[in-house]
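Participant: Residues annotated as GTP binding site in Swiss-Prot: GLY27, ALA28, GLY29, ASN30, ASN31, GLY119, THR120, GLY121, GLU150, ASN189.
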Amino acid sequence: MDENETQFNKLNQVKNKLKIGVFGIGGAGNNIVDASLYHYPNLASENIHFYAINSDLQHLAFKTNVKNKLLIQDHTNKGFGAGGDPAKGASLAISFQEQFNTLTDGYDFCILVAGFGKGTGTGATPVFSKILKTKKILNVAIVTYPSLNEGLTVRNKATKGLEILNKATDSYMLFCNEKCTNGIYQLANTEIVSAIKNLIELITIPLQQNIDFEDVRAFFQTKKTNQDQQLFTVTHPFSFSFDSKDSIEQFAKQFKNFEKVSYFDHSIVGAKKVLLKANINQKIVKLNFKQIQDIIWTKIDNYQLEIRLGVDFVTTIPNIQIFILSEHKNPVSLPIDNKSTENNQNKLKLLDELKELGMKYVKHQNQIY
C-alpha cells in the first residue's frame, strides 16, 4: 500500500458530519417541529435531531411526530404552562439550563423555533440561545410575531422578547402573523417548515462548488452592537427552464417578481450578505451564468454585497434552481414593520372613534328614558 492510498484510507475514516439540533420551544414552536416531521419525516437523521420543549405537559403530549419531548417545570409550575408570562418562561428555562447544556453537547448548529408574545416561547428562547452562544455553538432563531388582532399586550411582550433574543442569538428570522390571510396561522407553520428544510439542505448537501460550514458560520456570526438587529431569510427555491431565445429576458421578468408575496418580515432586497446555491441541469450547454448573477444582484440592489456562491450540476431539475440565504441589519429601535405600525395606529384611532360614538349613544338613550 503506497503513501497516497494510506492517506486516502485515513481520510475516509474522518467523521466530520455536522450535528444539527432543531428545538421547537413553547406551543407554536412545538407545532412547527411536529409539522416539519409530518411533512418531511426524512429530515430527522443520525445527525439531525428535532426536539419539542414546553412547560405545558398537555400540549407537549399531544404532539405525535416529534419523539424527543422535554418538559420544563419547577415546583410551582408542575407542567401547567407559563400562563402567558415571559418572565415565568425564562425562569423555567433557567431551572432547566443544566439539562439543556448537557443535551446540546456536541452540536455544531442549532435552530430555535418559537412563537413570541406569550410565555414559554418568548421567555425561554433567549435563555437557551444564550447557553448555546456561551458554548460557541452557532445558533439562529425562527420566530413568529403576533398580529394586532392578538392584542397590543401580546405584541409588546413579543417586542421586548425580540430585544432580549437579539442580544443572545447569532441571527433570527421573523414571520409576521399580520400577513396571514384571515388569521390562518397554519400558513405560518407551512412557511416556517419550508424555511427549516431549505436551511438544513443548504448547509448539509455538498455541492461541486461548495458552501462549507465555515462559510455558514461566517455568514451568521457578524459583529453587531446592541442597537443592531441581525436578521436572515432563506427563500423558497426559484426554478426556471431555459427553452427559448428570449429565456434570459423571461428569467429576469420572473425573478423580479420573486418573493413579491412574502410572509417573512424581510426579503432579499437590500441584503448585506448572501449565500446563493444554484442547481444547474448539466444538459444545458449554453447557459450564461454571469447574466443570471447580474439579474440577481440587480434585485438585491446593494453594491457592497458580500456573496458566497455554491453551484451543483444535476439531472433532476428543469434547468436551474436557486436558493438564497440573505442577511440584513436594522436598528432595534425602529418599528419591525412600519406599514404594520401605521395600520395599528389607524385601527386604534378607529377604536377610539367607535368608543366615543358608543358613549354618545348611551348618553342619548339615558336622556330618552
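The backbone N, Cα and C atoms fix where each Cβ goes, glycine too.
Give me the structural setting of these features: burial, nearby parts and distances.
Facilitator: In the three-state DSSP reading, GLY27 (GTP binding site) counts as helix.
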Participant: Go through GLY27, GLY29, the listed binding-site residues, and name the one with the sparsest Cβ surroundings, counting other Cβ atoms within 10 Å.
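Facilitator: Checked GLY27, GLY29; of these binding-site residues, fewest Cβ neighbours within 10 Å: GLY27.
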Participant: Which residue, of the binding-site residues ASN31, THR120, has its CB surrounded by the fewest other CB atoms within 10 A?
Facilitator: ASN31
Participant: Just report the maximum Cα pair distance in Å for the recorded GTP binders GLY27, ALA28, GLY29, ASN30, ASN31, GLY119, THR120, GLY121, GLU150, ASN189, no decimals.
Facilitator: 19
Participant: Need the DSSP three-state call for GLU150 (GTP binding site) to compare against my parser.
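Facilitator: The three-state answer is helix.
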Participant: If you skip the near sequence neighbours and keep only those at least six away, which residues in the chain come within under 8 angstroms of GLU150 (GTP binding site), Cβ to Cβ?
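Facilitator: Expected: GLY117, ASN177.
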